[in-house]
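Feature annotations, courtesy of TrEMBL:
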- A:25-133: domain 'Alcohol dehydrogenase-like N-terminal' (DOMAIN)
- A:178-303: domain 'Alcohol dehydrogenase-like C-terminal' (DOMAIN)
């Protein structure tokens, strides 16, 4: 079959790779009908070490079950399914607690002999714990929204949920990428009244307004902090969501959070050390968030996607086939595209 | 009157200072009957910059109201009162939310012309927001426990509360100072089942066991982390309380917290930057805590202190009069005393 392989920084190729086949009775093979390129994929795309071997890539996908191992009970051949961006056994204490990203048998797509998501098919370890069966559909708008349950919608929800967003709340969302925009949607869904979106790409922040942002602040750094404080009587917002992951975004979050408030970080941190001394401590600021266990949220969010209450699929603004994937990476890296859908 | 003044590193003196007098209608004068020396006092005691002017010191006290301004309504002359370690107006939005440490008119004892707590008397700004009236008592054991509501008991409670400790929980407490031991007591009070106390002073950890610690780990660093992990099937505890404030304690906390767990920091951080990258994020660890708004907790904890359900005053193991304060500092700095009571 054909699949996306990252050969080096800015060197994405579509290669012939071995067809996936079941190697354990808990596995399934899924023929991919829709996948996407993620902001996180841009980190290895931009910085892959020349000494590294080529790697399979892609971690968001949906498709049709083509084969299942003898112990798989929750999905069957022909089912339309969506996969979260981490696979998990569904039975360990962390999975039972809804923290599937810490599953004792879990792992990442594209690593350790497991297929990546940007290809024709994928072998799914722990199919029962990982896959969620969906009602059949060929509606392209619905498919886009269902696909966001794999990562970006669930990640936005994780941000709002761990930040404790509740009715009447005030929230700042830092970052106008797909996760930031869907964090706006998630915060609105949980009842936030004031949502300040910090981002500088007008087409994106316009979508953020459509998702529920009440204010947009384009300025960054100290200027951006001051603008948010001006909008909030000098105190900042109770909740702040960092949907970026760079140190500057974290510092911005520290600057706009209200005393006693919460910063939730869902962007993969691009730093090891960060300010964590007296200012944060003196203001009783809580830091939370982390990698989102989206598997835990698919079932909760699915009904509202199916009935159109939320339409997170609006973040997709470009569609490519497998041959178009390399250009899809380029377009996302150059911020020409917000989120690229891949239809193999 | 006489009061404690810090003149430089390891130079504590009892000086004659002006008698306090009321300067605003919201103030009160309290004649101090019991005060104490805090672990936080040891930081300026050990490291005061030679270029600094002498400063008044002490932030935990109780005593008798001697005079009140015309607008004070909740305490009157002759009342026995306890003060939290930060004064606050009691009316701003932060005070109303129970975060008196962020009061818009609040501040610290011993700073900006306000008296310190280790003296004969103190002018109390915002007496209604700050002081809590107590039933009269001359029982020395009860007085010790009431005095801990000023800081160390409330700080231990803040640690356990912000860590979300609940019935059946597992908790690691790092540090066997007064706050660490009272965090053990607070965690037990909230229903924790497993409490691992990390500390190396046997007389202190014995008191920790009396307060509810189920296990004691004397080892530090990587060895200590491994011992806690061995006690917890390799996963660590759900809650971790850092009652120390040094970077090594934070790193130890990161090593013993379970995925999806919480680290609550109540020790004043002695660092500016700390590890906050992928490991914490990948494990969905929440960092919380901060300076404790003990004013918020006095009323809640008071009944259990009065009826003897909890006896936090056991942390005091030495009593001095004002002249004994310098030696009290020395004894605490050299870890000869756990917590020193001052009876002016």
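Just so you know, glycine gets a Cβ as well, placed from its N, Cα and C.
With DSSP classes pooled into helix, strand and coil, the tally for the domain 'Alcohol dehydrogenase-like C-terminal' (A:178-303) is 57 helix, 30 strand, 39 coil. For the domain 'Alcohol dehydrogenase-like N-terminal' (A:25-133), the DSSP-based tally of helix, strand and coil residues reads 20 helix, 35 strand, 54 coil. Taken as a whole, the domain 'Alcohol dehydrogenase-like C-terminal' (A:178-303) shows an average pLDDT of 98 in this prediction.
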